[in-house]
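What TrEMBL annotates here:
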| type | residues | note |
| --- | --- | --- |
| ACT_SITE | Glu121 | active site, proton acceptor |
| ACT_SITE | Cys373 | active site, S-methylcysteine intermediate |
| BINDING | Cys141, Cys145, Cys148 | [4Fe-4S] cluster binding site |
| BINDING | Gly199, Glu200, Ser231, Ser253, Leu254, His255, Asn330 | S-adenosyl-L-methionine binding site |
| DOMAIN | 127-370 | domain 'Radical SAM core' |
Amino acid sequence: MTQASPALLEKTALETYVPPAKPSLIGLSRAELAEALGGIGVAASQRKMRAQQLWHWMYFRGVAEFSEMTSISKEMRGQLAEHFTVARPEVVAEQISNDGTRKWLLRLPSGVAGEKAHEVECVYIPETDRGTLCVSSQVGCTLNCSFCHTGTQKLVRNLTAGEIVGQVMVARDRLNDWADRETSNGNRLVTNVVMMGMGEPLYNFDAVRDALLIVSDNEGIGISRRRVTLSTSGVVPNIVRAGEEIGVMLAISLHAVRDELRDELVPLNRKYPLAELLQACRDYPGASNARRITFEYVMLKDVNDSLDDAKLLVKLLKGIPAKINLIPFNPWPGTAYKCSDWDQIEKFSEYIFNAGYSSPVRTPRGRDILAACGQLKSETEKLTAREREALRAMAMTD
Ligand code: SAH
Ligand code: SF4
């Protein structure tokens, strides 16, 4: 699948984010909350305690209004509401797949007057033993992986920490999944988070780090780091940093085992080739047989799905505590790639299984609502105002 000219490694500059006049406190750490309180005149001696109260109401209880924070004095609540909100991204549409997968279209302010608001998607995938939320880190993506639809989107903006945490909070809101609304057996619906939505999380490092530290804090949203996975196309310098500063599970979008092919599928490979990427994985702090690195491998017919590829894959991963996740390619309008035939996926999977790797084939979920990997923001971009309205109406009927 050679292209006439190689795709650009990265797109143009990022859009800038201009915060609203009355900012949301969502996304702030304890220290930042204390600082924000200082900014509205709360005495230094009180800030830490107040920040702790806010933290509990925002991230543990999930309340959306200051007026519900009953342990905080009425006067202070009024003062807070005058300067801040606890708003999350606005849900524009909710779609529910026939397999139970839910996709939310979220609207974010563009920050620039007169400019169209940005939109991102967030997907909830219920399974028997867990509920996984697939979260976006950017509007679009600056990288251009040739098989990924997100990569074809022109507009790119980094999400703020608040917009990333906000996606988890929206899911908890919509699923009625906050601590005090827990089901009687104590089960939560959102048990896992994967940074596998739109965008390259390691190109938005600080916001992703700050957000994931909030998501995994056990006095708040409380999703343990072992249940949070960050997927990267291979931003080598930030891989070890992610291990040190965030400590979540790592997934690598590998997709090819030879540099020549990976340069084409994942153009970032030209900057950080396979040898460097795999070395960063060997150096990933905390990787062990109990905490394996996931290698994602999208199955593209006649491109990367031969048994020779499987053999080379096993060879490359030698010495790395790894598991391999085979992803059937999800087609999108205009792509030249095809998904590998099922029997080829099985042969490939069998080879790596026999070599000692667990190699689940990821069942595509939510295909009917374009919620599967690499399909995010596919159709919504093209919707007419009327169709959009219909989707919005859908979101309101729960
Ligand atoms: N940018 C990050 C995280 C988001 S993509 C990354 O690339 O890792 C999440 C996963 O979906 C990646 O492994 C990506 O390669 C894969 N993916 C992208 N487009 C796909 C498609 N059309 N079909 C199947 N998987 C796809
Ligand atoms: Fe970006 Fe990941 Fe898609 Fe590549 S696969 S274009 S890095 S979102």
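Backbone N, Cα and C atoms are what each Cβ position is placed from, and that goes for glycine too.
Because TrEMBL annotations are produced automatically, they should be read as predictions rather than curated entries.
When secondary structure is read from DSSP and collapsed to three states, Gly199 (S-adenosyl-L-methionine binding site) falls in the coil class. The Cβ neighbour count for Cys145 ([4Fe-4S] cluster binding site), using a 10 Å radius and every protein chain shown, is 24. Across the residues annotated as binding S-adenosyl-L-methionine (Gly199, Glu200, Ser231, Ser253, Leu254, His255, Asn330), the two Cα atoms farthest apart lie 19 Å from each other. Looking only at the binding-site residues Ser231, Ser253, the densest Cβ neighbourhood within 10 Å occurs at Ser253. With respect to their backbone Cα atoms, the residue listed as 'active site, proton acceptor' and Cys141 ([4Fe-4S] cluster binding site) stand 13 Å from each other.
Highlighted here are the binding-site residues (Cys148, Glu200, Ser231) whose C-beta falls below 6 Å from ligand 2: Cys148, Glu200, in sequence order. Ligand 1 lies within reach of Cys148, Ser231, Ser253, Asn330 from the recorded positions Glu121, Cys148, Ser231, Ser253, Leu254, Asn330, judged by a C-beta closer than 6 angstroms to any of its atoms.
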